[in-house]
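Among the features that TrEMBL reports, transmembrane segment is placed at A:6-27, A:34-54, A:60-82, A:94-114, A:134-160, A:189-209, A:265-285.
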Amino acid sequence: MQQLLNTALGGLTLGMVYAAFALALVLIWRSTRVVNFAQAPMAMVTTFIALVIVDAGHSYWLAFAAALASGLVLGAVVERVVIRPVEGGPEINAVILTLGLFIVLHALAAVVFGNRYRSFPAPFGVRGIEVGGTTIALTGFGIFTILAVLATMGLLLLLFQRTDIGLRMRASAFNPEVARLLGVRVGRMLTLGWALASLVGSLAGLLIAGGSLVHPGYMDSVVVYGFVAAVLGGLDSPFGAVVGGLLLGLALSFVSGYVGSQLVALAALVILMLVLVLRPGGLFAQTAARRV
Amino acid sequence: MLTVTDLTAGYGPVRALDGVSFTAERGQVTAVLGANGAGKTTLLRTISGLHRAERGSVDLDGERLDRVAADRMPARGLAHVPEGRGVITELTVEENLRLGALGRTGRLDPADLERVYGLFPVLADRRAATAHVLSGGERQMLVVGRALMARPTTLLLDEPSLGLAPRIVAQIFELLRGLVESESLTVLLVEQNARSALSIAHHGVVLNLGRVVADDDADALAADDQLRHAYLGF
């Protein structure tokens, strides 16, 4: 019973991070039809920026804010400088550019920050909380992870559903030409979308790094799991990305806890294949509803 | 008043518009007629800045429009309702309408919303519904209503009758005619259905292979048997 609870709690925490990362991928996919493989190294770079600030003796929270802000800027710059020039061409060009960016950011980070493992601080405890005499697999930092991701999603939901700028962003994603005719500056909305996605990716990067080790490649497996989570939920659906992330986190946690931790990556691939075979549109894709 | 002078545009080596010139008067419906491929849609897309002109100019109430980006057109008073209606089906009815208002002033005036709901009560009933549940006629009302949210002086309509039942077409055209008079709108109406377009238009321009082949009062065009047989198909 206790193992079941601990496995579920571990999966929930991990799932929240996957959900955030999947959401970052979906925000970009939905507006530009590009799977941003560079999301992982972009988040890695901003986490290293936070580490530099912490190492300089500043507070964790300043570093946290700086990482999120640099994520916002990095996303906007990548869209403007790397993606915009190939816009209008085949989408595969932009995808290949994000793969190129993946390699470039990796190499740059190794040169600038060093190619070795470094420990990254956590603002809250990373040991299990005691409940009724037993320690459960939920840490103070785990609670912070869950709350931070939930808060970010809540704010994004408010932005998209309740504000004029959110309405413009959705219109640009759904139908850029009509949005343009209605006076929406679609290019700016795309830049903003990339910036927000990159910010969410940075958040995921910080949450994975907390109380753990960072390295130029420490986010690389997360982009795989985030992508599986996004496909699971349907690449077009932010809500699906979140549910997909949670489901994947739970599933992988159970595989790790009950089957064997060495099978986690394989399990993720099996889930990806099952989804693509059984429900290629994902669990929540709007295309399924539109077919009616 | 919308004046098009020597407008020329194309797609690579294909010339879709070849020196098109005409004037659409304020407070009138000007029909743009012609067969498939005559250049009607390209004409509207070039006027609204979605397609780049190779030559020629567009002038709206004394201001040059032909170097203005498409997303700045609502601020100039021009609203383009594209072919296939252009409802953003993922958004709700009210979100579509709100979007229309943002283009011109950046802010929503609730009075505009109420005015459009007054014109199209069926939209008011479904304001919270996702637009993809609307019927074809309701979608047409939504895009016209959405265009009006920007308080345009000039309305470009691309095939509003496409795929609609004749009764619905008559209803929408009736409404359009009323709006033209009450708001003194300039309307450029592209239609394949020449007979129903000429029934509400004051003036008509007939295109064939990118050139103007006739430019006259609607009544005169409808009475010209030779023209009707050659280009208008009725």
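The backbone N, Cα and C atoms fix where each Cβ goes, and this holds for glycine too.
Nobody curates TrEMBL annotations by hand; they come from automatic prediction.
Keep in mind it's a predicted model, so treat the numbers as computed, not measured.
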Report the listed stretch (A:6-27, A:34-54, A:94-114, A:189-209, A:265-285) having the maximum count of Cβ pairs within less than 8 Å of the transmembrane segment (A:134-160).
A:6-27
Distant-in-sequence neighbours of the transmembrane segment (A:60-82), which means Cβ under 8 A and at least six residues beyond its ends
32, 38, 42-43, 45-47, 49-51, 53-54, 97-98, 101, 121-123, 190-199, 201-203, 205-206
Beyond a gap of at least 6 residues from its ends, the CB atoms lying under 8 Å from the transmembrane segment (A:34-54) belong to 21, 24-25, 28, 60, 62-64, 66-68, 70-71, 74-75, 78, 83, 91, 94-95, 98-99, 101-102, 105-106, 108-109, 112-113, 118, 120-121, 194, 197-198, 201-202, 204-206, 209, 214, 216-220, 222-223, 226-227, 235
